[in-house]
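Colleague: Supplied in structure tokens, the structure appears directly below.
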Amino acid sequence: MKQDPLTRGGNTGPPLPGRGDSMGVSLLGSTPSSSSISSISSLSSFISSSSSGEERRKGGGEEFIGREEGEVVSISIVTIAEESCPSEPFGTVGGHVEVTADESAARERDGQSKTSHSTQTEEEEERNGEEEEECRKEDDENEQGDEGEEAEEMGEDESDRPALLEEEEEEEDEEGRNQVFVSDEISELMSDRLNPETPLTILNIKMKRKLDHGPDIRPFPSGKKHCKGSNYLSPSSFVPFQTTPTTFGDLRAANGHSAQRRRVTSGPPPSGLQDWLHTFQAWSGPERLLALDELIDSCESNQVKHMMQVIEPQFQRDFISLLPKELALYVLTFLEPRDLMHAAQTCSYWRILAEDNLLWREKCREEGIEEPLVVKRRKTLKPGFLHSPWKSAYVQQHRIESNWRTGDITSPKVLKGHDDHVITCLQFCGDLIVSGSDDNTLKVWSALTGKCLRTLVGHTGGVWSSQMSGNIVISGSTDRTLKVWDAESGECVHTLYGHTSTVRCIHLHDKQVVSGSRDATLRLWDVDSGECLHVLTGHVAAVRCVQYDGRRVVSGGYDFMVKVWDPETETCLHTLQGHTNRVYSLQFDGAYVVSGSLDTSIRVWDVVTGGCVHTLTGHQSLTSGMELKNNILVSGNADSTVRVWDIRTGQCLHTLQGPHKHQSAVTCLQFSRSLVVSSSDDGTVKLWSLATGEWIRDLVALQSGGSGGVVWRIRASNTRLVAAVGSRNGTEETKLVVLDFDLTDTHK
């Protein structure tokens with residue numbers, strides 16, 4: 001085998017084969033304590049004794065033989081002076097010398113000792129260039145004879161191994177895969193170096209470990225020398241084992257920040273700066289802290305500010321990006337939607353997290369938004385990024401609510417019809433508006449164009465009640481009949497006969513409708529067939545209001561009674577007694593019944609027991625309209641006020657009044673999650689905050705208000721408001737006023 005280039009230049013040490021690699025020793029100029037020296041000496045002896053069986057000599061040279069090919073790793077033997085601080089950086093005092101074992105032995109024989117950091121000399125660089133070229137040639141020559149040479153060397157290995165080597169092989173199989181191989185000369189070098197007079201802080205030893213070659217490691221055949229190519233690591237390139245950053249400079253480097261970014265370029269460094277730094281590094285930890293305290297006290301404010309600008313960013317962490325995605329999303333669930341939108345502007349990763357569809361679905365449900373919004377494809381941040389439909393729905397709803405509160409209302413649509421008659425009932429579904437009048441007709445309008453699409457003619461008396469679902473319209477009239485209409489075609493599908501007086505109220509649920517009449521009876525009808533399914537009798541006066549949830553029927557009448565019915569058996573389950581005057585309005589959510597009466601009170605009833613849970617007092621007149629959602633009830637009264645109640649506690653949360661309150665009886669109302677809309681005989685439609693009870697603005701204000709102009713009915717969807725207005729003295733023309741708050745609606 002040819003001499004390894006690393007051993008040339010007067011070095012009589014052995015060639016280092018490719019499989020065994022080389023041994024690197026890093027010497028740092030720091031004097032260890034005696035206890036540290038003894039511990040390292042013990043470790044040195046252990047390494048020497050455990051590796052003696054692995055040595056063999058060939059041709060006056062020394063090679064380190066491993067039984068298994070494996071990955072080369074490094075260990076660091078560290079000694080720290082007793083008086084030093086554990087947090088001090090290693091090797092900050094003195095020079096830094098990196099030599100190979102052979103070079104160290106040669107320098108010992110020559111009496112050379114180096115304690116300062118040095119680089120390769122020009123002679124070594126020139127020799128390395130020649131060695132690299134020669135090595136490439138040798139590889140080409142030895143490529144074909146490698147296998148025979150390896151076999152020959154391995155044969156010699158087996159014949160020269162002592163019995164101790166075989167015993168250690170058995171111990172290796174039992175005790176683990178890690179084995180250290182160190183020659184006698186290196187052991188002597190270590191023993192010689194490890195004495196109190198010789199500065200030594202870190203000793204790096206090349207080790208071999210049984211390990212399967214990973215995909216990024218290319219094993220070299222035994223006996224083949226390495227070329228010093230770009231991928232070859234020379235012994236001088238070995239560095240101490242990676243440790244946690246111990247100085248602020250290390251921390252900046254670990255965080256990817258260049259130290260040059262914080263350098264002050266006001267001029268050349270002051271003289272003695274390096275000596276000052278070396279003095280500081282030589283102090284112990286407590287001494288350094290004391291010096292820093294004194295230094296800070298001596299600094300001016302702009303200098304302290306500079307220190308803060310350098311130090312503070314290194315301790316800031318983007319904890320959202322560091323967390324697993326699931327935990328990061330869980331943290332974001334605690335943010336309000338507005339804060340989520342601000343967080344999305346932080347960086348692209350936060351934007352992706354803040355666009356999570358499930359996260360926005362929960363936010364929408366908290367806001368009462370039940371459907372996502374499908375939007376046109378928009379530009380994405382990167383491939384695979386999708387905009388959340390639920391977030392789009394929330395943003396749209398936020399914009400619409402903002403339009404309700406502050407949007408332009410100067411150009412409403414005006415739908416004129418019914419001449420000078422009173423609009424008695426109003427329904428609004430999708431883009432269709434249906435108005436009923438005492439002129440015996442109903443009209444179907446387009447909310448988009450404002451045009452009257454068709455007039456439903458057939459009743460012989462005034463229309464006083466109506467319900468709508470999709471294209472199906474049901475109307476009740478003073479002609480004692482109900483009619484089922486197709487709003488698209490204008491055709492009358494069924495005429496329902498049975499009542500003997502005016503049909504004053506109706507309520508539609510799925511394909512069944514319940515009607516209440518002045519004849520004191522209620523009837524349940526099948527909409528598809530037009531058949532009367534059940535007749536409910538028990539009231540002794542006109543039925544004025546009715547509610548139906550598909551299982552129970554609740555009715556209120558002029559006999560001061562509220563009744564709960566089982567329509568299937570046609571029996572009255574409960575008669576709710578307590579009101580002292582006519583019952584004009586009802587609400588029913590399946591668990592509670594709320595009734596409003598001319599006696600000025602509102603009563604909350606338990607539908608199961610029939611007991612009165614609360615009596616809500618505060619209004620001064622007839623409660624003409626109510627709406628119930630969850631536990632919140634909003635009531636409008638002829639005393640010109642609107643009140644907000646909690647039916648579970650019986651408390652009045654707000655009274656909507658004040659300088660901007662209605663000036664006459666409240667005729668109709670409707671509320672959403674955050675807004676209340678009310679109409680009045682004073683010719684106005686007002687918008688209120690449900691949360692605070694404060695007046696926001698007037699949505700409709702008739703010029704004839706106060707002199708005969710009236711808003712009879714209102715109906716509102718999420719994006720539109722329809723108000724039926726007119727007068728009884730001819731001061732205001734009968735018409736529908738339509739306000740649209742979704743100005744960017746796609747159908748426009």
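Glycine is no exception: its Cβ is also placed from the backbone N, Cα and C atoms.
Copying in the features that TrEMBL gives for the protein in this structure:
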REGION    1-71  region 'Disordered'
COMPBIAS  26-52  compositional bias 'Low complexity'
COMPBIAS  53-70  compositional bias 'Basic and acidic residues'
REGION    83-180  region 'Disordered'
COMPBIAS  121-133  compositional bias 'Acidic residues'
COMPBIAS  140-175  compositional bias 'Acidic residues'
DOMAIN    317-363  domain 'F-box'
REPEAT    430-455  repeat 'WD'
REPEAT    456-495  repeat 'WD'
REPEAT    496-535  repeat 'WD'
REPEAT    536-575  repeat 'WD'
REPEAT    576-615  repeat 'WD'
REPEAT    616-655  repeat 'WD'
REPEAT    659-698  repeat 'WD'
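Can you walk me through where each of these features ends up in the structure?
Modeller: Summarised by DSSP class, the composition of the repeat 'WD' (430-455) is 0 helix, 16 strand, 10 coil.
The list of residues near the repeat 'WD' (456-495) in space but at least 6 beyond its ends in sequence, with Cβ under 8 angstroms from a Cβ of it, reads 424-430, 432, 434, 436-444, 501-508, 513, 515, 517, 525, 527, 529-530.
Looking at the repeat 'WD' (496-535) alone, the prediction's average pLDDT is 96.
The repeat 'WD' (616-655): residue composition by secondary structure is 0 helix, 24 strand, 16 coil, according to DSSP.
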Colleague: Go through the chain and flag residues at least 6 beyond the ends of the repeat 'WD' (659-698) whose CB is under 8 A from any CB in it; none is fine as an answer.
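Modeller: Those are 367-368, 401, 404-405, 621, 624-627, 629, 632, 634-642, 644, 653, 704-706, 709-716, 718, 721, 723, 725, 732, in sequence order.
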Colleague: Counting only residues 6+ away from its ends, which parts of the chain sit with a Cβ under 8 Å from the repeat 'WD' (536-575)?
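Modeller: Long-range Cβ neighbours of the repeat 'WD' (536-575): 501, 504-510, 512-524, 581-590, 593, 595, 597, 603, 605, 607, 609-610.
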Colleague: So if I exclude everything within five residues of the ends of the repeat 'WD' (430-455), which remaining residues of that chain have a CB under 8 angstroms from its CBs? That is, six or more out.
Modeller: 413-415, 417-419, 421-424, 461-466, 468, 470-471, 473, 475, 477, 485, 487, 490, 715, 720, 722, 724, 734, 736, 738, 740, 747-748
